[in-house]
């Protein structure tokens, strides 16, 4: 069988660089796939993409003609870029839909799109904890999500019933992602580092409102392994009605496209603030151990725009399909240790020091595929992790 042609968007991002790093370390990857990746600059192409054996395609998400053409020539598109960039997703769908179904030896195209459980957010502003939990195997529950929800406008393009039999579509919706990534691109998350950065800026632990809002979470390496599992299972889907399913049943897709990827217990952002306060007290940033909870009218003065939504809302999810269908099991659990290390990393940067390589045990855990070194870039700047919501 010919190698499958994969086009990747967001290859140098937090999720994308970790996913590609782990996938490319697998022994059979070179035989199974060829890769092309959209990159915005020649520097990124030369430094981050070509050394991995990936063919760079220069362009941005706004270059929809380039994206459509690349998708038309791909067997698989993996979108790890902006979850809310509608026109690029529409270009991907147009391109994959053009791909000749009669092309000898080629399968029905696949789209794996990255959304996020921001689609589940409410307007809590840190004032209350929600008991509502969304399950990725409950299509009826997910269909109640309003089009006005974050990411939803793009998601409905992908779950469009008209794509059934034309493109196999899958939506991966991660919750708060934590941990240090691997690979040659961005190795740092957004939400927890942003809360820490804002706390360092003000010299005290910060939270939105009362900090009661709850999110689910997942480590970036566990998330990357989920993408690999989904990809490897998706390419086994039968192409004809008389073919048998590998597991005896189809992999949920298209109208049942959502996959949540969540580990362990949910957490309140107020608990993150309390942990920040403990560390600040221990290392002499603020001896009080106090947390500053900003009222709605104060948020503009204390927080970047959009923080009240991403750091103040409730977003609780359960990864039923990942576990029951794909057998995915998360390995990383030291969330508190990560908060501690991220505080020290950012403080070192602010002090003009070279950050110490993080050392907590779970980050060194071995995975199948040869992950022995986390590849974290400790010198990434605070500016690199500034909120972009």
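A Cβ is built for glycine as well, from the same backbone N, Cα and C atoms used for every other residue.
TrEMBL lists region 'Disordered' at one of the ranges 314-351, 352-389, namely 352-389. Each residue in the domain 'NAD(P)-binding' (10-145) has a pLDDT score, and their mean in this model is 95.
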